[in-house]
Amino acid sequence: MTNKITERITGHTELIGLIATPIRHSLSPTMHNEAFAKLGLDYVYLAFEVGDKELKDVVQGFRAMNLRGWNVSMPNKTNIHKYLDKLSPAAELVGAVNTVVNDDGVLTGHITDGTGYMRALKEAGHDIIGKKMTICGAGGAATAICIQAALDGVKEISIFNRKDDFYANAEKTVEKINSKTDCKAQLFDIEDHEQLRKEIAESVIFTNATGVGMKPFEGETLLPSADMLRPELIVSDVVYKPTKTRLLEIAEEQGCQTLNGLGMMLWQGAKAFEIWTHKEMPVDYIKEILF
């Protein structure tokens, strides 16, 4: 077994990709290529800078080149379904896709963000089942987290977002959760700071599921005041680069338990790996490399 890329790639090697922007910070190529090499699988994983304008053409190109599959990240998660053939039940419910698999020319979209997030919490020893959470965000990752949390048994979810293009998506998420699960979901404007303070005070966990904290918003946070946090609160961030966002720095200063996005990235990636290869990712080995 060798990790030398020149010795691994042959005329039979299949390509798996990642499409997003920004993309150069991603640890997914390292994670998946190390896992492929460890298991002796003839795949290679590459990252491609792709936004809204290029998305349709890129999917058509990937289809024509018969890629085995690819991951999807911001800002493409909620738009790519238009160019696929099928969606998994979870992706249909969430309305977002972060993993595509090509089975004999049929492109199927999956979503693994929600299960990845909940698994990361469990691995870190945090139990939020039957309790209340407050989350910022209304994009693909935030939606997947909210719906999976509701399906898993979280009692109440308070969602905060700016009144932008994603706000309507959050309204749909609230409707789905309230109609299809036993969880109570509510939506608020992120500018309503007093409401945010109230919801955080009633929650066991506060989560940032937006891109605020990573480039080009590194050093920023949606939290208007540090005194909204308390020592017994869990504060999590889906951002993993930097590994300690401004939000997590503030949370640590307030004595909170914190969790960055590395665990979620690992476990959502492990599920995607299984979808493409029908093999389990060597998670313990990958943890040694990434953590």
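Quick reminder: no glycine exception, Cβ is built from N, Cα and C everywhere.
Per Swiss-Prot, shikimate binding site is recorded for SER26, LEU27, SER28, SER73, ASN98, ASP113, TYR240. DSSP classifies ASP113 (shikimate binding site) as helix under the three-state reduction. The Cβ neighbour count for ASP113 (shikimate binding site), using a 10 Å radius over every protein chain in view, is 33.
All protein chains shown were included, and the count of other CB atoms within 10 Å of the CB of LYS77 (active site, proton acceptor) stands at 25. Residues or ranges marked as active site, proton acceptor by Swiss-Prot: LYS77.
According to Swiss-Prot, the feature NADP(+) binding site maps to GLY137, ALA138, GLY139, GLY140, ALA141, MET214, VAL238, GLY261. In this view, GLY137 (NADP(+) binding site) is surrounded by 25 other Cβ atoms within 10 Å of its Cβ, with every protein chain counted. Under the DSSP three-state reduction, GLY137 (NADP(+) binding site) is assigned to coil, being neither helix nor strand.
Taking Cβ-Cβ distances under 8 Å and a sequence gap of 6 or more within the same chain, the neighbours of LYS163 (NAD(+) binding site) are ASP189, GLU191. Here Swiss-Prot flags ASN161, ARG162, LYS163, ASP164 as NAD(+) binding site, drawing on experimental evidence.
Sorted by the number of other CB atoms within 10 A, the binding-site residues LEU27, ALA138, ALA141, MET214, VAL238 start with LEU27, the lowest. Cβ proximity to the shikimate site centre (mean Cβ of SER26, LEU27, SER28, SER73, ASN98, ASP113, TYR240, cutoff 8 Å) flags the following additional same-chain residues: LEU18, ALA20, ASN71, MET265, GLN268, GLY269. When the CA atoms are compared, the binding-site residues lying within 10 A of ASN161 (NAD(+) binding site) are ALA138, out of the candidates SER28, ALA138, ALA141. In the three-state DSSP classification, MET214 (NADP(+) binding site) falls within a strand. The most densely surrounded of the binding-site residues GLY139, GLY140 is GLY140 (count of other Cβ atoms within 10 A of its Cβ). Residue with the densest Cβ environment among the binding-site residues SER28, ASN161: ASN161, by other Cβ atoms within 10 Å.
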